[in-house]
Amino acid sequence: MGQIVTFFQEVPHVIEEVMNIVLIALSILAILKGLYNVATCGLIGLVTFLLLSGRSCSLIYKGTYELQTLELNMETLNMTMPLSCTKNNSHHYIRVGNETGLELTLTNTSILNHKFCNLSDAHKRNLYDHSLMSIISTFHLSIPNFNQYEAMSCDFNGGKITVQYNLSHSFAVDAAGHCGTLANGVLQTFMRMAWGGSYIALDSGRGNWDCIMTSYQYLIIQNTTWDDHCQFSRPSPIGYLGLLSQRTRDIYISRRLLGTFTWTLSDSEGNETPGGYCLTRWMLIEAELKCFGNTAVAKCNEKHDEEFCDMLRLFDFNKQAIRRLKTEAQMSIQLINKAVNALINDQLIMKNHLRDIMGIPYCNYSRYWYLNHTSTGKTSLPRCWLISNGSYLNETKFSDDIEQQADNMITEMLQKEYIDRQGKTPLGLVDLFVFSTSFYLISIFLHLVKIPTHRHIVGKPCPKPHRLNHMGICSCGLYKQPGVPVRWKR
């Protein structure tokens with residue numbers, strides 16, 4: 001009985017000790033909450049702004065940018081798409097697979113004496129290689145206004161493909177008006193087919209980009225075994241793919257497809273790769289491995305307006321097709337014929353082809369440059385290194401593009417850092433304990449006052465992460481118009 005009485009006598013003391021501990025804990029929590037309110041009320045932000053005002057808004061990200069390059073090895077795409085290249089002034093090649101291909105020869109010697117092409121009979125007797133013939137068909141159907149059938153001869157004896165186009169003119173009137181003749185149309189199509197390689201035997205006429213001149217009288221297309229034919233230029237699929245996507249009867253479908261469906265870069269399991277994309281040794285020339293972060297890959301998956309993104313799609317398509325479909329040459333050609341509009345931007349290819357003909361620096365889809373931020377390790381989306389007069393431009397020729405790319409990288413990093421900072425909510429559990437202390441009341445007062453921390457241009461949204469001075473300009477160069485009205489905001 002005495003023990004029970006003693007226990008109840010001690011209960012008030014126990015409660016008092018517990019209350020003291022609770023009060024101490026609540027006081028600590030209230031002080032922490034007060035510190036948090038002071039940190040978020042704008043006072044510290046105001047002091048920071050005043051200290052940083054007038055300095056570059058990208059100071060924390062300023063560092064050393066390295067200009068780096070990569071060169072793609074497109075020879076590895078030969079199993080799923082035709083590759084074009086050049087051996088010398090008159091011999092050009094289309095590679096299909098590892099053992100076969102087509103030879104496109106500019107010559108003054110005719111090898112076919114007749115002026116007809118019995119294609120239906122050859123097809124009925126299955127005389128030719130269908131994968132090679134589909135490439136020739138694409139070439140022939142791309143010739144504009146082909147209406148002089150005597151200008152074309154073909155022969156399929158023993159399965160050997162021989163197609164001959166007559167580039168000479170029978171009449172002086174045709175020679176004088178070459179630019180509108182069938183011969184010019186054949187040469188135009190040949191230039192587009194061989195583009196990405198070289199067509200050094202041709203002259204664009206200099207005064208008119210769509211008028212192609214040559215001293216040769218015949219263009220002969222024959223099947224051939226594959227050897228080391230690519231001596232003058234590296235193999236590239238861009239010429240054939242551009243020709244394929246630009247076929248007149250497919251233009252409307254092409255435009256619709258570009259707006260509704262594109263190839264999405266994927267990982268080894270076929271899933272989208274938000275974490276980045278790596279080019280391995282077999283995709284590159286004289287390099288081991290190049291990886292690009294999720295920012296670059298996300299841009300490629302969202303947009304269809306960069307040459308580098310087109311090449312990533314081609315490499316990814318090639319990898320998936322070889323592993324999943326294990327297609328033969330004929331099936332591969334059929335597949336790329338159907339998929340081309342989803343893989344590449346035909347307008348980009350045509351633009352670069354026209355720039356080449358007109359003597360303007362153009363992209364040959366082979367070499368690219370990008371910036372590497374040394375302190376963060378982040379890289380920009382590679383951009384094509386343009387070519388002029390047969391050689392790559394000097395860095396000084398596109399220094400403005402390099403500077404703009406650096407500014408874009410800084411802006412993207414600042415925006416990402418700001419979004420991450422806004423998404424954090426420190427001390428969320430403290431909001432459960434709202435008790436009044438003197439410090440807490442002061443912090444509440446400061447929080448309600450909402451001390452302004454930065455300037456806004458009147459009538460425009462928040463400029464963060466950029467910092468404006470009293471003239472309404474930012475030292476990083478984005479806001480360039482001085483004297484605009486500004487006001488302070490929290």
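Placement of Cβ uses the backbone N, Cα and C atoms for every residue, glycine included.
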What Swiss-Prot calls N-linked glycosylation site, among Asn271, Asn389, is Asn389
Cys179, Cys230: which one closes the disulfide with Cys211 in Swiss-Prot? Cys179
Give the distance between the Cα atoms of Cys462 (Zn(2+) 2 binding site) and Cys384 (disulfide bond), rounded to the nearest whole Å. 34
Apart from the site residues His454, His456, Cys462, the 8 Å Cβ neighbourhood of the Zn(2+) 2 centroid comprises Arg455, Pro461, Pro463, Lys464, Leu468, Lys489
All-chain count of other Cβ atoms within 10 Å of Cys300 (disulfide bond): 25
Average the per-residue pLDDT over the topological domain 'Extracellular' (2-17) and send me the rounded value. 62
Restricting the comparison to the disulfide-bonded residues Cys117, Cys154, Cys278, Cys309, which residue's C-alpha is spatially nearest the C-alpha of Cys363 (disulfide bond)? Cys309
I need the nearest neighbour of Cys384 (disulfide bond) among the recorded positions Cys179, Cys211, Cys230, His454, using C-alpha distances. Cys230
